[in-house]
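Here is what TrEMBL records for this protein:
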BINDING   Gly12, Asp13, Glu14, Gly15, Lys16, Ala17, Lys18, Gly40, His41, Thr42  GTP binding site
ACT_SITE  Asp13  active site, proton acceptor
BINDING   Asp13, Gly40  Mg(2+) binding site
BINDING   Asp13, Glu14, Gly15, Lys16, Asn38, Ala39, Gly40, His41, Thr130, Arg144  IMP binding site
ACT_SITE  His41  active site, proton donor
Amino acid sequence: MPASLVVGTQWGDEGKAKVIDFLSKDTDIIVRYQGGANAGHTVVVHGKKYVFHLVPSGVIYDQTICVIGNGVVLDPLFFIEECDRLQKEGFPVFDKLLLSDACHLLFPYHSQIDSARETTLSQEHKIGTTKKGIGICYADKMMRTGLRVGDLLDTSYQTRLKHLVDEKNRELDKLYGMPPVSYNDINEGLKFFLSKVKKNIINTAYYLDTELKKENEFFWKEPKVPV
């Protein structure tokens, strides 16, 4: 089946979203396969502006299924907020969206540590991060210490989450002198998140492999690729 890939090969903000929006109307499946909520783009439909961060903009087209892939780092409450906003604007997001069970979850301690690290760096060594915790969450993914969306389907995740929060709070306190994050708040947020998206969570790798063998048109959407 035909599949198209949109990649930015400069420093981000090259206008990828405009290209994707132009081509999406003829596409069956759009895949957001990495990145986080630090990326964003705007689409204008019939004179009205819509802003997207995590949800692929293809959700505005009736025939398009949107996939959040394994490589995305997902802020669960930010994601639900964006989905609910788009639902209120008339787009049936939860009916068209598939969420990878291997997608890593981004928590408040990621953004706290991101901000603290950036603040402590001298001016010449600052990264210029958006302080939303994207890089810190990816670091946890590489260290195999993060939580994934699929982990929430088994309540044993709460034990792992408590250990992670305790560990990150020690880092926040001892290294940066920052206040702790609340395990209870994070856990309640995850319960709410799961109540909204449980039916959307699947093995997207298997799903996409199956769909690639059919006569569908694909788009693979890359948020940012710096050179």
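Numbering starts at 1 and runs along the chain as displayed.
Including glycine, each Cβ sits where the backbone N, Cα and C put it.
Where TrEMBL records a feature, it is marked here on the structure.
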residue: Glu14; record: GTP binding site; DSSP (3 states): coil
residue: Asn38; record: IMP binding site; DSSP (3 states): coil
residue: Thr130; record: IMP binding site; DSSP (3 states): coil
Measuring Cα to Cα, how many angstrom lie between Thr130 (IMP binding site) and Glu14 (GTP binding site)?
18
What count of other C-beta atoms do you get within 10 angstroms of the C-beta of Gly40 (Mg(2+) binding site), across all chains shown?
13
Go through Lys16, Lys18, His41, the listed binding-site residues, and name the one with the sparsest Cβ surroundings, counting other Cβ atoms within 10 Å.
Lys18
Which of Asn38, Thr130 has the fewest nearby Cβ atoms, counting only those within 10 Å, among these binding-site residues?
Thr130
Report the member of Glu14, Gly15 (the binding-site residues) whose C-beta atom has the most other C-beta atoms within 10 angstroms.
Glu14
Alpha-carbon spacing, Gly15 (IMP binding site) to His41 (GTP binding site), which is rounded to whole Å:
9
